[in-house]
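Enquirer: Below is one structure. I have some questions about it.
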Amino acid sequence: MHPAGNSTVTLRCCGSKVIHQEEECCNGIGYDPQRHVCADRPTPGLFIQPQCAQAAVCPVAAASTAYCGACDLDPSLTACTWVLTTHTALNDTHARTGAHTAAATATPSPLAMTARGTETTDGPQRAEEGSGDTPPWAWSSKGLCPSLEEVVYSGDADVYTYTDSGALEPFTTYEYRVRAWNSFGKGSSAAAAVTTSEEKPWGVAPPRWSRLGDDVLQLSWQAPARPNGDITHYIIMRDGQERYRGADVSFADVGGIRPFVEYSYQLSACNRAGCSDSEQMGQQCPKSVALWRTDCPVILPASTFSQHPQALTATTQGINERLDTAPHTCHAGGRGLCLVVAVTVQGVPEDVAPPVVTPLTPTSLLVSWPPPKQASGIIQRYLLHQTGVGLLYTYTDRPRNHTVTGVWSRPRHLSAGVSVVELYWSRPLRPNGQLSLYRLLRDGRPVFTGDHSAWNFTDTGLSPNHSYVYELEASTGGGTSMSDRYVVQTPASSPSGIPPPHNVTVAGARSLFVAWSSPASFDSSQVLLYNILFNPGSDVASTRPAGQALHLSVTGLEPFTSYYIRVQACQSAGCGVGQGVFARTLEAPPEALLPPRITAAGAQELVVRWSPPQHPNGLITSYFIHRRPEGTEEELLVFIWSNGPLEFIDASQALQPFSQYQYRVQAHNSKGSAQSQWASALTLEAPPKEMSPPTIVPTGAYSALLKWSEPRQPNGLVSQYRVVYKKHQLDPTLDSSPVVYSEYSYNVVSSPSQNPGIQITVLVWRLADLRLGWEPRFMPAWLINGVVMAIGRNEDVTFWPLGATVKRDHGTVLEVSVYGLQPYTEYSLRVEAVNSAGSVSSEWVGTRTLQASPAGLTPLQAEHREQGRALLLSWDPPHTPNGVITTYNIYSEGNLEFSGLSRYFLFRRLQPWTVYTLVLEACTARGCVHSPPQQVTTSAAPPTAQPPPRPLSIGPNQVSLTWDPPSEPNGPIKEYALLGRRLGAEARGRSIEEDIINETVLFTEDHPGAASSFSYTVVGLRPWTQYQFSVRSRNNAGHTLSAWVTVTTKQAPPSGLAPPTVTHIEGRPNELLISWAPPLESNGVLLSYRIQRDHVSFSFSFDPAVTSYNDEGLTPFTTYSYAVIACTSEGCVTSPPTDTTTLEAPPATVGPPGVQHITPQSIKASWTVPATLNGRVTEYVLRLNGEGVYRGPDLFSVVSDLQPHTSYRLALLACTSGGCTPSTAVTIVTGEAPPTGLQPPTVKVTGPESVEVSWTPPEQPNGVVTGYELRRDDEVVYVGPETHYHDFTLLPNVGYSYVVVANNSQGAVSSAAAIAKTHPSAPSGVGPPTLQPLGPSQVRVDWSPPARSNGDLVSYTVYQRDPAQLLTNSTTFTPQESAFSVRHAYLLGLAPYHRYEVRVEACTALGCSSSDWSSILTPESPPAGQTAPLLHLQPDPSTGLLNTFLLTWSPPAHPHGIILDYEVYRKLEHTIDVQRGAGTTLVCRNISTTCRDNGLQPYTAYQYQVWAVNSAGHSASPWANGRTGPAPPEGIDLPTFQRIQATWAVVDILPPAQPNGIVSLYRVFSYSQDNNTYILLSEGTSHQQTLHGLSPYTLYWVGVEACTCYQCCSRGPLSQLRTPPAPPAHQPPPRPRSLTSRSVQLEWDGPLAPNGVIESCELHIRPSCPQPPQPVLLPCVEGPIKTCFFGPGRNYNLTGLQPHFSYKLRVACFNNMGSTASNWTAVTTRSEAPQYVSPFSVDSNVTLVWLDWGASFSLNGPLRHYTVTEGRMTIYTGFHSYLHVPRTSQKTLSFQVTCTTHSGSASTPLIRYSPVTGLGPVAPTEGGKQWVGVSAAPVYSELWFILLLSLLGLFLLFLVLGLVLRRALRKSPSSRERPPLVTLQKTRHGGGEAYMRPCPERCSKHRRSSGLLAGRPPQNPYTTKYRAETTDPQAFASQVFPDLMGFLQ
């Protein structure tokens, strides 16, 4: 844990770095695993050593291509790893090169890259590496990871010093500690840290480069592997010139970059100890050429290409492909060191015209050619090749490339004697043109000159035992090149006169015999040895030793090869060679014959080509071509070649289309033959033939099943089967023949029978668009209308039924289910088989689809009848019947009202103004279709049963009322009126009828709408008063009035309360008397009074009878406010306040006076008003030392006539009408005044140049004397507190006057003058000279004679000095010189604007006197040495763009004055104007050495110049170049889309109109309007990008974002992109809503991803396993899948199920592109009573009778047991369905089986069985039916029986009550007392009618029983009201029991 501000950070080690704890380690780099991945792994199948793991971090989006330190390595194309090595061997490198140049089908070999040294590395990021000798754990670390501790010294106890000089690293912190031992143990000191000194950086790697444009190169680099200090800056050199100096690790080189040119860059890293170059890396690399593949570079030595020139040709293309993206390339430097070569982009030249050849002479040709039409770069060279020869000539515009390279790369010689040397050479490695001349030089002198055909020379006349230096010079038309020196040593002596072999006999194809004679001259005293030389001097020369013999048998030669044989004789001093003879070995059978190359030219034509054997070993006489079908051994000789080209065209009729054949070549010579390996070839495809018609079976109303077989002759890979169908229409008015409406096709891709392991993917987005893609190792598949279907050979495939689905039957039969057909329609279909060569069609086959549910049902037409109580309904037939209509059904509220084929229906018994929901249903034999629910409203009637208003809240002045609409509005209510009246005391004696005329309409609600309730607040009422309210409702047919509701308002606070009366009590300033009167209106019962003082109520209250109160404890002379509060139960009222002030009293406290403006004679005293006055102050009294000096009302007073600097006491009295109060006394001191009475000083002369002065203090100082001043001749010579002074430095014999001045803080006083005269002395008084500048480098000096010469002057001396250097120069003038008399001189050679000091010395014979120094500043001159400014590119604070330059510069080296300001000028880089003009702009003018230039154009090159200006002129600096950074592009256009698919699209991006930089990244995003966010779809540098991961059938708003840097991005406008539909996906399973024993109600949702418009859904069902458990396990077989529903609905009631049975259900939904099916949902139906099905079986033998009732019952629930009875005796009870009974007699047995489950039981009929005669007749049951019993509870305990008896009892009770009340209550009420009748509302339920009374919200659900409980008052308030106001029993009964009375009437 480490502190970081106010928090802590958890860190850990990652190599030599420190990273955060949450980061991952990538070999020294920390990274976030959520955003990046580490590219330190090899490609799959390879191993990488841990030391070679690369430190590269890539974005997480590039995880699939992050390998070997690169972020864009495709593992499917390239394999890579890193291995540790210290050098690059030729063989290893060549082996790797061969891997690179292999064919595309070969797997590239792993790349060997060095992990140390100067090898090139690439990758996005690199970790810093140490040197190869230092382990990683010993590297210096400034972080938190120290290395392991080690012991560096161990010595004696008396040695206390140690010098550590071993293996220390520069700029590394080491910690040392000392450990000491004694006999008891050891102890350690604390660690002491020390840091070693800095050293030049180590391990500076070359920079990496990338191309940002044709004229911009971006360079980036890493810190050195060992910085050895703090890196101060980096230096970038381009072609030896400095281009950059700074601390950044990247640099964009934009100056002078030309396209198609190579530039060499070198990096230098500098610290305080020095700089290190990138080429001083400690390990030199050989001259090399950098080759690039698509993965990483390989360094190959240049010698590789001399021996293997094909490697250069094979790798050149790789260089061109990587020039624009390679980070850097390592080329050979001057000493073979690695530099970085940056190459701007170039391409391969195109349209190169053939050369024009013109013969000049019999031996010369002129070859000329025009330049390519498209150079694609700068043409560097032209290569002229000659057929059969190779490279003939190289031409370039640089003469140095004309010269030959690689001259005499392998020098060879042969010493023929002591004076003869034979020299041999080969063609140069790079002739670079047509060789014209060879010249051989010996010791610098030419000895041979020959043309290009001369490859050897014999040099004679040489000296024995002598060394010679040979050089070979080769020349072309472009120049001459010299080979390296070749030293040849001649022997001291050698045999001579060696004859050629006299006998050479060829013994065979690989051997011969050679015999020779002895030399003519040799040293016989030495041993003579012989060697046989074969083809000496050639590239294939060989030597065979023969010893001392004169013959030799040689073996191991090549057959049929010519050899030049010579004899070499050798002795100890040297060897000699004789002439030779030629011999050729015999022939042998050919060897190494390669397989032929076969090309298919047609379906029955193959072209066979072959090459000669690599070792023909003789003359090839013929070639035999053999052929065989692949997989067989029946080979056939098809061709014999004797001469001509080596090819054969096989067009035999035996060849079959699209068949594999193998060919082999056999080569023959005179000695034998050689056979090649078999080579395979495949003939081309031909159109299929013999396609049989398909078999069509309609499988539904919308689909048909087609089956067909493959063509008998497919003649290739059948890429697709196309199903074509056409629709027929039969119209009686037209021709009866079928009419083809349109032709459609489904593309069905077949699995190729020849190669079932190949997958064919067909994308069919339009019917005419078909593209095939091949992918190995997968099952065959196809895609139909956008849905991929998989198929395997000889196996069925699960598919989604959408559009067309395909499966392959066993064998070669294919079938397809075609969807999307129209129901009950005739079609003709055929199948077409297609391959790449053509197609074949079958015959047309007709079929008709099945019926389906109708479609296109129109709404009902309704007409009103019978004044809103009936509707006349009519409808039209469906637009698409899809079959024969069988019935029409009409449903109202889910009830069937009509069924039939008529299309008219009168719907009666309806309610007025009632909404009815009607549904029309039309059915065919296959199903029904419902119209959408249609709502129909009947006509209106007057409203009835208006409820009275209800009070919501009651206040003292208002009442809030609410009311509901009428129970039976019978139409839209047009108006509500709220009526009200007041019940006063005068109206309580009158009847209600008499007050009706006082009704007032309080509120009217017009057009109230369909609200459920209404409310209104009546205001302006009086408190504590009774009111009545009623509601009147009105519609278009009439109105009705509700009952009146009485409301009493609440109490309110009183009103009319007068303010109280407040009275003083004489002599009591602390008391007041308060009295009050009662309020005018109490508005209720008055409860209490309360007094409020200053708006604060007393804590006690008063009885209503108390009306006064005496308030004590008040403050005198204070104003109080009193109010009275009167209260009732509903609130209080406060009276207006009464304000009164109490009587006065003396002040409480008085503050002391303050003193201001103190003067020596007066003071000003002031005071403030007392804090507590207790009245009005009448006067203030001021006392000074006890005496009154002021009396009055003012707050200040001035006291005068005081003494200066004297102490006084002051006091103040404040008085009111109630008395006075004094303050405390204060002490003051008056101010000072100037002193007076100063006496003159006393003087005493003490010498010729001094006087002593003394004085006394003033007689009246009037304060504190602060000091004295002594004036000599009115000049102050002394200031201080002393009273004496000794005055020196006076002039001799001069009189002086002295005056003393005494000072205090207020002034001064002067004394009278005292006179004194000094004694006489030598002369003095030389004045300073006068200086006058005459220019920047010349000054005139003038001076005056001394004031007192005191003798004759003998000389003047002028002294000059520089104050800065303290050097003094002097010039003396005598009376003989003119300057002595004129008294002026000139100073020359001075510096401009420099300060000099000059003084003059005058001398007499007695001495000299000097003047003071005079100073002068020379005038200014124009500055010089102004340096160029430094440009620092900075971001703009407002925009963040790099369009601001911060310019800094140093002052001029020679300012020559005061720099008044600096002027900075700016111009564009290509502007020629240097002075201020049209092309130059003044940026700023100030005195600072910095300038900020804002608002520049982005990515623009500017030049800046600084002028330093003083008063004399200016100095201009050189121009400094700089370029602004990029900015967001402008003018981004709309993206365009090339191809749009369901999940991807190809977008084209146009470059911005104003890029403002180099666009480095394009992003394609979509804008979501729902959440206002942007979603990234794709990003890259390409102008065409593919958007993946789109959602089908979705609208996208797509835009383009272009970026020129990290934060320089801008977005363009949005373009609309809509993806086409696709098959739906993610279908949720169905959900059971209700479940019975025979049905299940299901509902389901649409697919979560509809990907289009869902048109219909299917419901599938199948019996599932296992079934519900039974006591005995029953076998279970999962049933087939059936479709039980098809249509657009989302629910279905599935009927016809078996009780207690398990099913699986799923839903499949369709759109126009396909379908999706949900998972299976299991349901189990409920149980019910078992059922008897069939009689059981009975059989017997001699000993047993057995019964089997397994098929007799349908259990329909969990089984409890079976019971078997025989003659009313139970013989078996259990779970099995069979029984074995012992046979004991011959009597007839009567069996009966009973099945008992949890839901009931069932029994079989009684079956009689005779063991003798067999089964008897089944015993009949009652009614002729078989008995089935269900065990149930007794009848009296059933619910229905209880309810029936309860209803019957209630009916009888109501009947009795009605009769009793009818007779008991006979008084007829008046019409006014009768409440309004409530209209009964008729409501239809099914087909019947019922009349019901509306029940209010407060009405009990059991209202019939609530009024019949004895001894309990009724709970219904309405019932209570009726009982109180109604006297007619019949009216009362009709109101309380409307249902009962309606029944009785």
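Backbone N, Cα and C define each Cβ position, glycine as well.
TrEMBL lists 99-139, 932-967, 1231-1262, 1618-1637, 1882-1919 with the feature region 'Disordered'. Sequence annotations record features per position, and here TrEMBL assigns compositional bias 'Low complexity' to 99-115, 932-943. Annotation comment: TrEMBL describes 203-288, 407-493, 592-689, 752-855, 945-1055, 1056-1148, 1149-1233, 1234-1324, 1325-1424, 1429-1530, 1531-1622, 1625-1728 (among others) as domain 'Fibronectin type-III'. Here TrEMBL flags 1620-1632 as compositional bias 'Pro residues'. As annotated by TrEMBL, transmembrane segment applies to 1839-1861.
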Enquirer: Can you name the far-off residues of the same chain, 6+ from the ends of the compositional bias 'Pro residues' (1620-1632), with a Cβ under 8 Å from a Cβ of it?
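Expert: Residues 765, 786-787, 800, 802, 1540-1543, 1592-1593, 1640-1654, 1659, 1705-1721, 1723.
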Enquirer: I'd like to know the mean pLDDT over the domain 'Fibronectin type-III' (1149-1233).
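Expert: The predicted confidence over the domain 'Fibronectin type-III' (1149-1233), as a mean pLDDT, is 86.
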Enquirer: Using a threshold of three or more Cβ pairs below 8 Å, and leaving out pairs closer than 6 in sequence, do the domain 'Fibronectin type-III' (1429-1530) and the domain 'Fibronectin type-III' (203-288) count as in contact?
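Expert: Between the domain 'Fibronectin type-III' (1429-1530) and the domain 'Fibronectin type-III' (203-288), which are separate recorded stretches, there is contact, as judged by 3 or more close Cβ pairs.
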Enquirer: What counts of helix, strand and coil residues does DSSP assign across the domain 'Fibronectin type-III' (1531-1622)?
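Expert: Its residues fall into 0 helix, 49 strand, 43 coil.
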Enquirer: So, by DSSP, how many helix, strand and coil residues make up the domain 'Fibronectin type-III' (1234-1324)?
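Expert: Residue counts for the domain 'Fibronectin type-III' (1234-1324) by secondary structure: 0 helix, 48 strand, 43 coil.
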Enquirer: Going by DSSP assignments with H, G and I as helix and E and B as strand, what are the residue counts for the domain 'Fibronectin type-III' (1625-1728)?
Expert: 0 helix, 45 strand, 59 coil
Enquirer: Of the residues in the domain 'Fibronectin type-III' (203-288), how many are helix, strand and coil by DSSP?
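Expert: The breakdown for the domain 'Fibronectin type-III' (203-288) reads 0 helix, 43 strand, 43 coil.
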